[in-house]
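Engineer: First, the structure itself, so that you have it in front of you.
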Amino acid sequence: MARCCFYTAGTLSLLLLVTSVTLLVARVFQKAVDQTIEKNMVLQNGTKVFDSWEKPPLPVYIQFYFFNVTNPEEILQGEIPLLEEVGPYTYRELRNKANVQFGENGTTISAVTNKAYIFERNQSVGDPTVDLIRTINIPLLTVVEMAQQPFLREIIEAMLKAYQQTLFVTHTVHELLWGYKDEVLSLVHIFRPDVSPNFGLFYERNGTNDGEYVFLTGEDNYLNFTKIVEWNGKTSLDWWTTDTCNMINGTDGDSFHPLISKDETLYIFPSDFCRSVYITFSSFENVEGLPAFRYKVPAEILANSSENAGFCIPEGNCMDAGVLNVSICKNGAPIIMSFPHFYQADEKFVSAIKGMRPNKEEHESFVDINPLTGIILRGAKRFQINTYVKKLDDFVETGNIRTMVFPVMYLNESVLIDKETASQLKSVINTTLIVTNIPYIIMALGVFFGLIFTWLACRGQGSTDEGTADERAPLIRT
């Protein structure tokens, strides 16, 4: 009986250890899990993946921070602007896909993303319909830019004198965000119907969408899950000066493909930034008990480099690191984009304004992604809207102002997975962990039987050494 147990334990130990090593080397269970995820992460009507894509379950909040001008007269005399940050004014962002249509072969799907904003008073510093902000007059600067066209110059100069426009204006937060009717723009609209008589930083963005997208469903390849192939009927942009800079790359930032490696670069096309950007791995994170890869927008995105030369408008007119001239896609308004407080920008932009305090924790854009599923667990998209301003002798409204990039406001669009969704995702991940760890369980059993085999071997050896009483007796007795 003991001999039988001895050989059984040894055989089982050897078989289990060989099997576990074979399974680990061949990655049998890992491949099975990966293939299951790849198969399920496809946009198909009636699936949970499709429902979550069409109506994202995670709450999204957008916080607006304005820079209130405290020394307007001194600025016009050539002094450094002193700005005071006012905010946040927080809105709940409701988003859903609409006009959804599948392509004939099931590999593409078209949709628009409707967004609506609901004010959250308990998360805000005040009432946007009451609170006043003094800021730079962007409509005025826009009209001044139009005056570079000879046939409009005299008309615009006359209008500015007649309406006594000033470089700094005061409006409510609500007006600055969602729009107000501007006197000068209303007059320009008569000559240029394409110019709206209304101005707002997010005018016509509440309850609307930014155009139709065509996405890949992931049917042909999981790496193509929700990747954009067309926006507003175009497969590429036409604002920039090189084909590379005009490319529409990646997803819209709401989702990513599963099975992400920290060595890969992910691409996003945020239409409000007027260009594609990429994000790179930064660190390992844990969100509500779930593992995550943190990806961030690197400083190279807005670097003054040869790779970004195609974003210089006019061609060759490149600004210093940390800012992007997007006037070409903002109806001619002299809008300059940057990260909040000129984070990661050239020091000259920071020192030109009193009140800029850039820091990583509050001003960096990032996204925490579960690498197994590609699901976003936490994220923050942060960027700042500025305007370019300089003294113009023909326009007294500009006074003796310094040439500078002038901050107007910045936003923080954030998302965080809720506990219920995190719990559901955690159960899925735990199940996959059990499956992928089966080889290790088999190996542990092999080690266990190996220990039994060793114990039996040692016990048997001890019994042999000790022997019976007769065996221990001397051969010759006297």
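The backbone N, Cα and C atoms fix where each Cβ goes, and this holds for glycine too.
I grabbed these lines from Swiss-Prot:
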- Cys274-Cys329: disulfide bond (DISULFID)
- Cys312-Cys318: disulfide bond (DISULFID)
- 155-191: region 'Important for interaction with GBA1' (REGION)
- 28-433: topological domain 'Lumenal' (TOPO_DOM)
- 460-478: topological domain 'Cytoplasmic' (TOPO_DOM)
- 5-27: transmembrane segment (TRANSMEM)
- 434-459: transmembrane segment (TRANSMEM)
Engineer: Please classify the secondary structure at Cys329 (disulfide bond) using three-state DSSP.
Structural biologist: helix
Engineer: Please work out which residue of Cys274, Cys318 has the most C-beta neighbours within 10 angstroms of its C-beta, and give that one of the disulfide-bonded residues.
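Structural biologist: The residue with the densest Cβ neighbourhood is Cys274.
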Engineer: Reported as an integer number of Å, what is the Cα distance between Cys318 (disulfide bond) and Cys274 (disulfide bond)?
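Structural biologist: Cys274 (disulfide bond) has its Cα 16 Å from the Cα of Cys318 (disulfide bond).
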Engineer: Long-range same-chain neighbours of Cys329 (disulfide bond), Cβ under 8 Å, sequence gap at least 6?
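Structural biologist: Within the chain, Cys329 (disulfide bond) has Cβ neighbours under 8 Å at Trp239, Cys274.
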Engineer: Tell me the Cβ neighbour count for Cys312 (disulfide bond), meaning other Cβ atoms within 10 Å of its Cβ, over all protein chains shown.
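Structural biologist: There are 18 of them.
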Engineer: I'd like to know the mean pLDDT over the region 'Important for interaction with GBA1' (155-191).
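Structural biologist: It averages 88.
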